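Visitor: Pulled these from Swiss-Prot:
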- 122: active site (ACT_SITE)
- 255: active site (ACT_SITE)
- 285: active site (ACT_SITE)
- 256-260: region 'ACP-binding' (REGION)
């Protein structure tokens, strides 16, 4: 592989959502049967979420990831033989091992390239995209498939109103290719392991038994405070790394956690609401899938145009966060 390659560009995107759409009203009815009280008004007021897509039982992360991958590959005009690298960002893999990326590779009929998962929860796509970009810049690969995919409904405690209304399932993907001109301009990844307990799913499988608490648990107020602080700083730092300012960014594509975080972040960055891609109302929080889902939606509806600058940001359990600035 030539070492002269210096840059990577996003050549295509794709996404996939499970067919089942559950509105807040429908979810409220289901939860009422468990003795949990909520309503569309309660959920929208606190989160901005109006509906979510939920996978049927038995539909795994690799299924969603594969379909998103196929759509991204079609958009980029590449086939399985072109893929030198597949990275899947997920916190809900099909198995302990093999990796979800290897399952996707098999589903696509791709052979021989590297395939592995990364796990940084809702920051996962930023971590995966930055990793793939580094492989391309190093001249190790010419074409990489990067996927964020989750079946978060499988790790929710449906008796916990504070979390079960927030999340959905889905997958988004991009294809990046080697290029002579920069597409991905700058990226930064960070973590603070001292904050593990504010957002976690602390269960495990050991000796044939599930140990610990297998469900997602969250301190919502702590997550909000941490998220808006680190995302603000990260956005400014990654723009500075690229020799740009926030004003020069055409689109902000943040992790779709809830509308309150998105609005607060936009105000801190002095970014107008019409420059922020928002899909959380339709998708809910899809963890590692949220950023590529939002990116693909905005590319396909014509909002994001070639040549525009897009700032993608993730933040999640760990505590982790990351930003990627790209010219489309």
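For all residues, glycine too, the Cβ spot is worked out from N, Cα and C.
Bear in mind that the values here come from a model prediction, so they are computed numbers and not experimental data.
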Visitor: Expressed to the nearest Å, what is the distance separating residue 285 (active site) and residue 122 (active site) at their Cα atoms?
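Guide: A Cα-Cα distance of 9 Å.
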Visitor: As a test of reading the model: what is the averaged pLDDT for the region 'ACP-binding' (256-260)?
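Guide: The predicted confidence over the region 'ACP-binding' (256-260), as a mean pLDDT, is 97.
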Visitor: Do me a favour and check the Cα-Cα span between residue 122 (active site) and residue 255 (active site); whole Å is fine.
Guide: 7
Visitor: Across all chains shown, how many C-beta atoms besides its own are within 10 angstroms of the C-beta of residue 255 (active site)?
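Guide: Residue 255 (active site) is surrounded by 31 other Cβ atoms within 10 Å.
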Visitor: DSSP on residue 122 (active site), three-state: which is it?
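Guide: The three-state answer is helix.
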Visitor: Using DSSP, break the region 'ACP-binding' (256-260) down into helix, strand and coil residues and give each count.
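Guide: The breakdown for the region 'ACP-binding' (256-260) reads 2 helix, 0 strand, 3 coil.
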Visitor: If we count other C-beta atoms within 10 Å, could you say which of the active-site residues 122, 285 has the fewest?
Guide: 285
